[in-house]
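Here's what Swiss-Prot has on this protein:
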BINDING   35-37, 41-47, 231, 261-262, 269-271  ATP binding site
BINDING   67, 212  L-glutamine binding site
REGION    317-324  region 'Interaction with tRNA'
MOTIF     34-44  motif ''HIGH' region'
MOTIF     268-272  motif ''KMSKS' region'
């Protein structure tokens with residue numbers, strides 16, 4: 001497949017192709033402009049893949065610009081986290097990192113230009129009065145009594161704002177557009193407000209800060225952005241984007257294009273709701289593996305490649321829709337099935353004793369690291385007469401559909417011997433504590449010599465060599481597809497979104513590193529936890545199961 005055939009197509013790429021063909025642009029320059037007031041989530045990953053992916057495919061540039069115009073909510077911690085997430089996803093920004101605060105001097109100058117043109121004024125209505133005067137979708141707004149101040153008075157008052165002469169909330173700079181506009185965003189929007197807060201880049205130089213809609217378009221123009229890509233909620237804001245650029249002296253006028261945001265089943269993306277999950281301790285932090293944050297997905301074991309593939313599959317449209325969680329899970333499942341080495345771990349262990357195996361002895365069994373990739377090599381796994389198997393892999397009685405170990409019948413131990421269940425021991429409550437078996441010594445990784453068929457295969461871990469491991473069985477955070485539609489979204493949290501088990505793993509897992517996934521054979525995909533795992537305590541997170549159990553449950 002050629003590069004052109006492999007490249008995804010969508011309405012934005014069609015616009016870019018037309019712009020390049022017509023000569024409107026000779027190159028492509030995009031940007032990813034997050035506000036550093038929180039952690040990125042899977043929805044941001046879509047925007048990252050779109051903006052950086054377009055720049056890559058068209059041999060253009062993509063800037064990373066922090067929209068840092070509200071010092072009260074922003075922090076350098078979020079700046080560092082966002083940079084890390086972008087790089088982890090496999091992208092690199094063009095040149096230095098940009099900050100909207102880099103342009104505060106120019107933005108101030110453009111605000112003064114609008115005042116001089118009679119297109120901006122200092123308003124002393126309170127924030128509550130501004131909201132009241134703005135009107136509604138069905139009723140026009142009304143002019144502020146301060147709207148018709150002279151240019152000279154507005155210049156003096158704006159300078160008073162800049163030098164700290166007003167208290168917060170006592171004055172702001174507004175654009176003079178049309179209070180009767182059918183678009184509320186055009187009803188004299190606020191351009192500057194007062195905030196006496198130290199900024200993580202500019203310190204205490206400024207006490208007035210520009211609003212997003214004023215900053216965004218000018219920053220795009222100053223950076224030479226050719227295609228400014230936003231989600232659909234900014235569609236009406238495009239009118240203000242164009243109005244600002246049309247009314248200041250700036251040589252470049254980028255165009256804004258909107259695409260649908262990512263909505264994903266069984267989770268929430270609202271920053272307010274995610275923050276509530278964290279602050280009320282329904283999860284263990286922003287990087288909790290149940291969270292839709294990039295840091296949470298990474299800790300759970302998602303790969304950057306799987307997230308990029310997911311963003312590619314869902315595409316870019318103008319239609320709002322909700323993506324099935326199964327689609328995201330399918331991407332990581334396919335990635336790890338192809339690339340994750342195999343290992344054996346027993347999550348719900350019960351002891352199995354092979355009574356005719358030489359007592360006190362052990363041997364090494366060779367196992368492939370991947371059944372379909374010999375180039376991934378093999379490993380030596382110890383085998384002995386006492387092993388752990390999963391409790392679900394044994395029944396005293398079962399029908400023919402049960403292909404595991406049954407009393408009086410045989411099963412194969414993965415890459416080892418055929419065994420037969422002979423008897424069990426139970427505790428006072430009737431729970432099986434030990435399964436006693438015999439083995440066929442002539443069946444190591446081969447069929448029985450007499451031709452009898454043994455269909456079932458189960459995994460195991462040698463008891464004498466087993467590593468105690470904690471296994472965190474993560475699942476979907478919510479029990480319904482659209483938790484945001486619930487009257488109280490916290491009431492539909494899945495009570496089994498985290499189940500912690502104490503099990504055993506094969507010795508090779510001692511070399512596991514955070515972020516490197518394994519397929520625990522017959523169980524699912526797991527990775528070492530980056531927070532709780534230590535040299536003395538191995539903790540593994542379930543990334544995803546071998547199959548979609550939610551689809552079966554919903555049938």
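The backbone N, Cα and C atoms fix where each Cβ goes, and this holds for glycine too.
Sequence features, as recorded in Swiss-Prot, placed on the structure.
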| residue | record | DSSP class |
| --- | --- | --- |
| 35 | ATP binding site | coil |
| 42 | ATP binding site | helix |
| 67 | L-glutamine binding site | coil |
| 212 | L-glutamine binding site | helix |
| 231 | ATP binding site | strand |
| 262 | ATP binding site | coil |
| 270 | ATP binding site | coil |
All-chain count of other Cβ atoms within 10 Å of residue 270 (ATP binding site): 11
Secondary structure tally of the region 'Interaction with tRNA' (317-324) (DSSP, helix then strand then coil): 0 helix, 2 strand, 6 coil
Pairwise CA distance, residue 37 (ATP binding site) versus residue 67 (L-glutamine binding site), rounded so that it is a whole Å: 9
Cα separation, residue 67 (L-glutamine binding site) to residue 262 (ATP binding site) (Å, whole number): 21
Intrachain residues whose Cβ lies under 8 Å of the region 'Interaction with tRNA' (317-324), provided they are six or more past its termini: 10-11, 232, 258-265, 481-482
Distant-in-sequence Cβ neighbours of residue 67 (L-glutamine binding site), under 8 Å, six or more positions away: 33, 34, 35, 36, 100, 212, 215, 216, 219
Cβ neighbour count within 10 Å of residue 37 (ATP binding site): 15
Average pLDDT across the motif ''KMSKS' region' (268-272), rounded to a whole number: 94
Intrachain C-beta neighbours of residue 231 (ATP binding site), sequence separation six or more, cut-off 8 angstroms: 47, 258, 259, 260, 261
Residues satisfying Cβ distance under 8 Å from residue 46 (ATP binding site), sequence separation of at least 6: 261, 262, 311, 314
